[in-house]
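Here's the structure, in structure tokens; my notes come after.
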Amino acid sequence: MLLQLNNIFKWVQQGGQRVFLLKDINLQVEEGEFISIMGPSGSGKSTLLNVIGMLDDFDEGEYSFLDDPIHQLKEKHRAKLYKEYIGFVFQSYHLIDELTVYENLEMPLLYKKHSGAERKAMVADMLDRFNIVGKKDLFPAQLSGGQQQIVGVARALITKPKLILADEPTGNLNSTQGEEIMQLFKQLNDEGVTIIQVTHSEKNAAYGKRIINLLDGRMV
Amino acid sequence: MFKTYFKIAWRSLKKQPFFTFLNTFGLSIGMAGALLISLYIYDEMNYDTMFADAKRIYRINVDIKFGGEARELAVTPAPLATALRSDFSEIEAVTRFRTWGSALLRKVNADANVKEEQTTFVDPSFFDMFGIDLLAGDRNTALERPNTLILTKTAAEKHFGINKAIGQNVRFNNDKIYTVTGVIDDFPQNSFLRNHTVFMSMLSYADSEIVNWGGNNYQTFIKLIPNADINDIQAPLRGFLGKYVIPGVQQFIPGVTEEQLKVAGDYLVYSTIPLTDIHLNSHRVAEVSANNDIQSIYILSFIAVFLIVLAAVNFMNLSTAQSLKRAKEVGVRKTLGSNKTELIRQFLVESGLITFLSLALATVMAVVALPFFNSLADKDISIPFLSPIFWLILIGSVILLGLFSGGYPAFFMSRFSPVKVLKGGGQSSVGGGNVRNSLVVFQFSISVFLIVSTLVVYQQLKFIQGKDLGFSKDQVLIVNDVFVTGNKANTFKEEIKQLGFVKNATLSSYFPTPSNRSDTTFKPEEGNSSHENAISMQTWNVDYDYVSTMDFKMVAGRDFNREVGNDSTNIIVNETAVANMGFSPEEALGKRYTSTLGEENPQYFTIIGVVKDFHFDTLKEGIEALSLRLQGQKNAMAIKLEAGNFSNSISSIERVWNTVAPGQPFDYYFMEDSFNDTYQAEQRLGKIFIIFTILSILIACLGLFGLAAFNAEKRTKEIGIRKVLGASIRQISYKLSLDFLKLVAISILISLPLGWFIMNKWLEDFSYRIDISWWVFVLAAVLAIVISIITVGYQSIKAAIANPVKSLRTE
């Protein structure tokens, strides 16, 4: 088992009242799963993803990741865990404008202890794998949206994570580009990477082996 | 339209209180500093302009080299005045001053003396020359008779009251009786006569009537007739050497000719200087009042310009930096049909609003800081709020400043392409990063340069104060005006020496602190009558205890000694003197010199000792030739005290004084204080440097702080991405700070060589100076880096701590 959420609650105080963002979430994710989270705007999809990604706190409940109790860990240990095991893909790619494709891919490695030669090999590997060798010296602004997202996925994968968290990865793309990314995810999943994606599209959700529906912070 | 401009400007300023505060605060500090400095410079540039015909008044200077060292004098011979009047039709009036320094005055029937610090003999033409009206007395006769004097209002009030002063008799220095014949207004603080309170008629001073071209003791002022050209009198004035001076000198040294002088490399050149130039440009021996240096005016002008430019640079930087937030507004406006000119106008109104806010704040700051600034600069400046010209200049310069500093941001922002900014291209849509960076480099270069300058100025001052002067100035108390005790001076000295806390005491008129002294020409016994072997030396009247009290070192021969016999025809000279004579100290012993030239039986002095050179002038000057002798009047007493409670010692000495000189003012000072006073100008410069260095660093830091805040904001997204991808807080804040430290490092590289070069130039003014040591540069660099780390660090850490979820949220 990769991770388990038990009775997770998250809320904010608004005018003396608790507004629940997540309400009693129970979720078990096995390694190798491909899960799609669906639901209308404001239903808590992204919040749930951020909680799983340890970017956001929750107020109540238990969360264990690879048998480590996240709710009891210090920030430092959590950071170490997600650096090691989790990769993120964003709707608006979030590449750094001032860095080339090559440098964008290399960046996560800089924050881990990899030697220069190792980094070079790993980046080259990724460039090969996603067929973007020819674009390595271009800046994000010089790429199409689909190409940017491919770089985004490559960047998420370069640290060899067990889990990919994708927040509407195709939201800014046209249908052909979106299709391409989803195929890529499917292929990755077949290779054994666990994927959790948030999506609005029924079609994209269908790529997942399991679909979770959220409404007002609750699983339905 | 303009109303909307103001409304929007006001709202956008209010919306960003932090940036508005940084902008206004930085700008107003710069303005307030520049305002104060400008007032100071204005005051300095307007010395002596209050005299009605100031533009037509000149002083005669003379450069002399006549055996020994070259000297530049502000004083000329007494008969020069008559010669000028008879030789030049261009000259309307000539006035001589014979400054007398301090004097004791008392009413004839009173016992107690009152001291006046600055007195002078003056010709009757004084009134016409400077356009001076009398408050009481008759202008036509006031200085026409011997033994008359006029007082300034302050002095008259002190002694008699303005209305009762005329006709009163006063005793001058316990000697002659003078009649008060006039009262004049006090002289303004920015006049060369500012400290003079008593003006005696020149006829009271017999020497002024003697035709002696050999002595230079009179400041001679001339006034040209209207429309006369000063250049017309220069050549004939130089001809005075052959026409008057050589014939005069031939009386003492027969056979001297102008050619002989030239061959020996000697000269005597008369020249003129406009009255209004004297305060900043004249540094001659025997100035009427202490002058300032034009250099310090230049330095201050630079500082004022620096301050304003630094503040303006801040303004530009912060404004363009903020423009990211305004980009959307510009895009919307352009889409809705606003053209570039209107946008520029809108932004200029905004910067105008900020500059005027700053002006208001700066005025308040200046008013608050003025008393402090006045005491620092030793001035009596007020802000001329009632002068329309002042307001005109002030508001004019503020508008210029607003256009200058608001212009670049306005053009910069109006250039934004609406399509780009509306699409939310973020960072790449707002350029100008290079300009901002170079402006930061510029600011920090100036700050680092000022840090280096401050350190060097302080080191040099410390060096001067700690320098071995060749004598001991510590714990030496000097009692002035000992001559009022009449023949009891020696009794006074012996009684003082009995006191337990007194190590030694000596009577003399001369002490090794900077003051006006005159040289005398000495001729050796065995020489011929040519001047070539003559040397020019100062002569100090001292007593037997002088050398031991001052703690001078003898390098050859002996000190004056009562036991040996009569030393009254012996002299002790310093090392410089024997060097000028062309002897070693040992060779000089026994040589005989005289200062009574051209007489049948001159009085010879025998050199019995050579004293090690000591500094008696400021360390800007070198050491001049000097002789000590036992003859002559001694006006003051130096008392070497044991360490301890000086105030008790002083009151004990005063008690003794009151028994030998009842009713006379007890006037004393410590030699060390007088020594320190000499470097007041440098100390003042040092303090001004420190204050304005701190101000400029503060302004630069405000700018850097604002930029760091902007930069952190601009890069929020990037920071978020990096954090999600595993960067630690430390790594991110380090990266953010590093960008700015690079700029600071470039500034350091630029400003250190500059500082080294310019401060070495400044040091060249001193005969005795430090070498600038390497640690000054290291310290300046470290200071700049530490200050910028503190400034930028806060913003960087704040940005690094922020939660990435917020910054990465997709709207």
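The backbone N, Cα and C atoms fix where each Cβ goes, and this holds for glycine too.
Here TrEMBL flags B:20-238 as domain 'MacB-like periplasmic core'. The transmembrane segment annotation in TrEMBL covers B:21-42, B:297-318, B:347-369, B:389-413, B:439-458, B:688-712, B:740-760, B:772-794. Per TrEMBL, domain 'ABC3 transporter permease C-terminal' is recorded for B:302-418, B:690-804.
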**Request:** Give the residue counts of the domain 'ABC3 transporter permease C-terminal' (B:302-418) per reduced DSSP state, in the order helix, strand, coil.
**Result:** 100 helix, 0 strand, 17 coil
**Request:** Could you tell me whether the transmembrane segment (B:688-712) and the transmembrane segment (B:347-369) are in contact, taking contact to mean 3+ Cβ pairs under 8 Å with a sequence separation of 6 or more?
**Result:** no
**Counts of helix, strand and coil residues, the domain 'ABC3 transporter permease C-terminal' (B:690-804), according to DSSP** = 98 helix, 0 strand, 17 coil
**Request:** Would you mind listing the long-range same-chain contacts of the transmembrane segment (B:297-318), meaning Cβ under 8 Å and 6+ residues beyond its ends?
**Result:** 19, 22-23, 26-27, 29-31, 33-34, 37-38, 40-41, 44-45, 280, 351, 354, 401, 404-406, 408-409, 435-436, 439-440, 442-443, 446, 450, 685, 688, 692, 695-696, 699-700, 702-703, 706-707, 710
